[in-house]
Each structure stands twice: as structure tokens, then as C-alpha cells.
């Protein structure tokens with residue numbers, strides 16, 4: 001596999017150098033021109049194609065390694081390859097896929113529950129017991145929890161932590177109830193944890209959790225939790241496309257993820273991001289570039305940022321240093337949207353990205369200002385596909401329009417829409433289809449993407465050179481991410497919202 005990766009890198013670089021001058025006859029891309037070449041019809045047509053892939057199969061989703069996801073990957077590869085403008089390859093990798101069926105009854109009444117990804121199977125009938133506080137330390141767990149089903153509030157720590165601590169306390173299983181309105185999906189982040197063995201674990205709604213607590217306070221409550229988890233290894237692919245022209249030693253990278261959750265086709269999450277990037281990539285073919293542009297389409301984001309982590313970790317230090325910046329586009333057309341920019345300078349959430357991230361944030365701020373659109377920052381905590389880039393000192397930024405977080409009155413005044421309603425009420429649900437896209441946000445953010453691509457394809461003068469003085473130490477950033485509170489004020493969303501709180 002190492003040899004294969006080196007061959008990819010060698011061929012990629014050599015092709016770029018060999019073919020670069022052949023594109024010089026085209027006019028240089030301009031940040032005022034490229035955005036005007038992005039049209040809503042093209043965006044909607046691409047999104048419809050993704051929905052068609054999902055609905056062609058009984059699963060009606062685009063989970064990584066499934067048939068509709070394979071169709072998505074092959075579609076992106078073909079569309080980019082046929083332009084002749086890019087060197088395109090599919091990067092193979094093997095990751096563990098899992099799904100589950102489940103049922104929860106309490107004193108004979110059925111409740112909706114969602115198994116957390118990577119949970120073990122279980123069929124347990126046992127008393128429910130409330131865990132103190134947020135279940136993030138051993139002291140929160142009652143001494144008499146052995147054989148019982150732990151009932152835990154969402155918040156503060158990862159679901160994996162709650163699962164492991166439940167197991168250590170002897171619980172037969174765990175239920176985590178939401179801390180905001182609505183149901184809850186989650187993941188343990190991986191098949192195993194260095195913290196210890198998992199207890200079977202599922203999520204329930206805030207309303208159901210509160211109702212169960214009241215029942216427990218009135219007397220003994222018996223629950224049956226049945227989880228049937230299925231696990232298999234799946235071969236899947238990233239799609240990487242780099243311009244044949246432009247300096248391959250100064251690469252502008254951008255990306256989004258190609259997979260959905262099991263519940264639905266994922267047309268906003270993240271069909272919006274990958275189709276936007278594809279439309280921008282096609283428009284770019286009419287121009288020449290000074291700096292190489294690399295479009296990245298990541299697999300298995302919903303299972304733990306697997307595709308982007310695999311890719312960045314496959315690059316040696318020399319190849320990583322060629323990537324001058326990374327732009328992330330995940331959920332850019334939420335129906336009740338807010339226009340949000342990742343907080344690269346740390347002014348809003350006290351977590352600063354690698355040197356250059358602040359400049360990326362400023363570029364998007366300037367663009368929104370130029371088209372008279374308001375904007376707000378969103379938390380840059382590394383729990384999206386930019387994580388691997390940040391941890392390796394690569395500056396990052398991007399756009400986001402919100403997930404399950406509730407729109408505030410202030411946001412409604414800025415962006416319109418309905419206060420008191422989720423930014424994306426169909427987040428991680430079967431309703432994330434074509435009807436879930438806000439067309440205005442889709443077009444605004446796709447043109448913002450084009451503006452950024454055209455700007456950086458022309459000049460990277462605003463981005464500091466990559467060297468040891470500009471690299472954020474990995475350990476420092478990881479610790480900062482762990483300390484960052486998850487308050488839902490930034491819209492949350494996607495994988496990062498499923499691993500904790």
C-alpha cells in the first residue's frame with residue numbers, strides 16, 4: 001500500500017509538471033468572473049443526480065461503500081475525468097462499516113431509539129438507573145449500576161466516554177437522552193477505544209429522557225433494549241482531481257464528503273458541498289491558473305472523517321508542505337440557513353487555526369460584504385474534514401449553513417427564516433433530499449467557493465509560507481479541541497456533532 005501511495009504522488013506531480021504549460025493559452029481565472037459562471041440550474045441538476053442514486057436502491061441513502069455511494073464516487077470521477085483538465089484518481093482504502101437494528105421498550109411501551117455507530121449488540125431487560133451529572137467521570141455512576149441500563153444526559157464528553165464508563169460501572173447498556181429538542185444520532189468514533197470496552201449504547205430524545213426520569217423517580221422502571229449490530233470491512237474511495245496547469249508546489253485544496261448517514265440521501269449533508277465543488281471545478285476548466293487547484297471528495301466522513309484522515313496521513317511531509325491551504329464545504333444549503341464562516345482567527349471561539357486560517361476567514365468575510373450579505377462565525381473545533389489538515393499545520397477555512405441547532409432571533413433578523421426552528425430540520429434524517437435545499441444559500445455559497453478558488457489560484461501572497469514557525473503543534477491543538485465547549489451556537493453539524501455532546 002505504501003508503494004501504491006508513492007506511485008500516486010509521483011505520477012500526480014509529474015503529470016502536473018508535464019502538462020502544466022499546455023493550458024497557458026487560456027485566460028487567467030479571475031475572482032470577479034468565475035463566480036458569475038456558477039448557475040443554480042447546474043447545482044440543482046447535480047444534486048438531483050445524487051438523490052436519484054440514493055432512491056434507485058431500497059436503502060435510499062448514500063452510506064459509504066453502498067451501491068448509491070459507489071455511484072456517487074464513479075459519477076464524480078467520470079465528470080472530472082472527461083474534462084481533460086484534471087489529473088484524476090480514486091484513492092482506495094478499507095474501513096469498517098456498521099449498521100444496526102434496534103428496539104426499546106420501557107414498562108411495555110415502545111420508544112424511538114437510535115443505535116450509536118459502533119455500538120455492540122445487546123438484548124437486555126433490566127431496570128433503568130439515572131447517572132448523575134453528565135456521566136463524564138466515574139464518580140457520576142451509581143455504585144449499584146451492575147446489570148442495569150444507564151440513563152445519561154448528553155453533554156460535555158464524547159459518547160464513547162459515556163459508553164466506556166457505563167461498561168466499567170457494570171451496566172448492561174446505556175441510553176443517552178438529548179439535551180435539545182428532537183431525536184439524536186451519534187457515533188462512538190471507532191470500532192474500539194483506548195479508553196476501554198464499550199457498553200451497548202443508543203440515543204433517545206430529550207422529551208423521552210425527561211419522561212423516563214420522572215417514571216424512575218416514581219418507582220422501579222424496567223426497560224428492554226435490543227440492538228443487532230452488523231459490522232463488515234468495505235473498500236471505498238476518495239476522488240482527487242488536480243489541475244494539470246498551475247504550480248504543483250503551491251496547491252490550493254478544497255473538499256467535501258461524498259457519503260450520507262443511513263437515514264437518508266444526504267442532499268444537503270453533504271451533497272450540497274460536493275456538487276458545488278464539482279460545478280466550480282467544471283467552470284474552472286475555461287481558465288488557466290497560476291497555482292494548482294486540487295478538488296478532494298472524501299469518503300466515509302460520517303463514520304469518523306475516515307477518508308480525509310486517510311488521505312492526509314498518506315502524504316509525506318514534502319507533499320503536505322505543497323498544500324498551502326484547505327477549504328471545507330459541508331452543508332452549504334440548509335433550508336433555514338445562516339451564512340457561517342469558520343473562525344480561523346479564533347476571535348469568536350478562542351481556537352485559532354494554523355497561520356493563514358485568519359486570512360481565509362477574512363477573504364470570505366470580504367466576499368459576503370461585497371455582495372451585501374451578513375455572516376456570522378462558526379466554531380472551528382476540527383471535527384469536520386478539515387481536522388486532519390489543521391492537525392498537520394495546514395491553514396483551513398470554509399463555509400457552513402447549520403445543522404440541528406435552533407435558529408436564534410438574532411439570526412432570523414440577519415438571514416430571514418424562522419427563529420426557534422432548526423437550521424436544518426432534516427439533518428441526518430430521511431427528509432434530507434432535494435426539497436431540503438435552500439436555493440438562495442446554495443447559489444450564494446457556491447459563488448463564494450468560486451471566488452475563493454479564483455483568488456487563491458491567482459495568488460497565495462496573503463497566506464504565510466509553510467514552515468516550522470507557522471505550524472500549530474498537534475498536541476496543543478488536540479488539547480484545545482478537547483477543551484472547547486460544544487454549545488450549539490455555531491450550528492454544529494455533521495460528524496463533529498455525532499461524537500460528543
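Here the Cβ of each residue, glycine as well, is placed from N, Cα and C on the backbone.
The feature domain 'PA' is assigned by Swiss-Prot to 119-216.
Sequence-distant neighbours of residue 123 (N-linked glycosylation site) (same chain, 6+ residues apart, CB-CB distance under 8 A): 224, 225, 226, 227. For 123 (among others), the entry in Swiss-Prot reads N-linked glycosylation site.
Under DSSP, residue 233 (N-linked glycosylation site) is assigned to a strand (E or B) in the three-state scheme. Less than 8 angstroms from the CB of residue 233 (N-linked glycosylation site) sit 94, 95, 96, 97, each of them six or more residues away in the same chain. Annotation comment: Swiss-Prot describes 233 (among others) as N-linked glycosylation site, evidence class sequence analysis.
The annotation Zn(2+) 1 binding site is assigned in Swiss-Prot to 257, 269, 330. Just so you know, the Cβ of residue 257 (Zn(2+) 1 binding site) picks up 32 other Cβ atoms within 10 Å once every protein chain is counted.
Using a 10 Å radius centred on the Cβ of residue 269 (Zn(2+) 1 binding site) and all shown protein chains, the other Cβ atoms total 32. DSSP classifies residue 269 (Zn(2+) 1 binding site) as helix under the three-state reduction. As annotated by Swiss-Prot, Zn(2+) 2 binding site applies to 269, 302, 428, with the evidence given as similarity to another entry.
Over all protein chains present, the Cβ of residue 301 (active site, proton acceptor) has 28 other Cβ atoms lying within 10 Å. Positions annotated as active site, proton acceptor by Swiss-Prot: 301.
Summarising the annotation, Swiss-Prot assigns N-linked glycosylation site to 316 (among others). Classification of residue 316 (N-linked glycosylation site) by DSSP places it in coil, neither helical nor stranded. Using a 10 Å Cβ-Cβ cutoff, residue 316 (N-linked glycosylation site) registers 10 neighbours.
Look at Swiss-Prot and you will find 350 (among others) tagged as N-linked glycosylation site, backed by sequence analysis.
Under the DSSP three-state reduction, residue 427 (site 'Transition state stabilizer') is assigned to coil, being neither helix nor strand. Residues or ranges marked as site 'Transition state stabilizer' by Swiss-Prot on the basis of similarity to another entry: 427.
Around the Cβ of residue 433 (N-linked glycosylation site), the number of neighbouring Cβ atoms within 10 Å comes to 22. Look at residue 433 (N-linked glycosylation site): DSSP puts it in coil. The N-linked glycosylation site annotation in Swiss-Prot covers 433 (among others).
Summarising the annotation, Swiss-Prot assigns N-linked glycosylation site to 467 (among others).
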For residue 301 (active site, proton acceptor), the one of 257, 269, 316, 427, 428 that lies nearest, given that the recorded positions are compared by Cα: 257
Minimum Cα separation from residue 350 (N-linked glycosylation site), reported as the residue among binding-site residues 257, 269, 302, 330, 428 that achieves it: 330
Cα-Cα distance linking residue 269 (Zn(2+) 1 binding site) and residue 433 (N-linked glycosylation site), given in Å to the nearest integer: 9
Helix, strand and coil residues within the domain 'PA' (119-216) as assigned by DSSP: 24 helix, 25 strand, 49 coil
Separation of alpha carbons, residue 427 (site 'Transition state stabilizer') and residue 330 (Zn(2+) 1 binding site) (Å): 12
Cα within 10 Å of residue 302 (Zn(2+) 2 binding site) - qualifying recorded positions among 257, 316, 427: 257
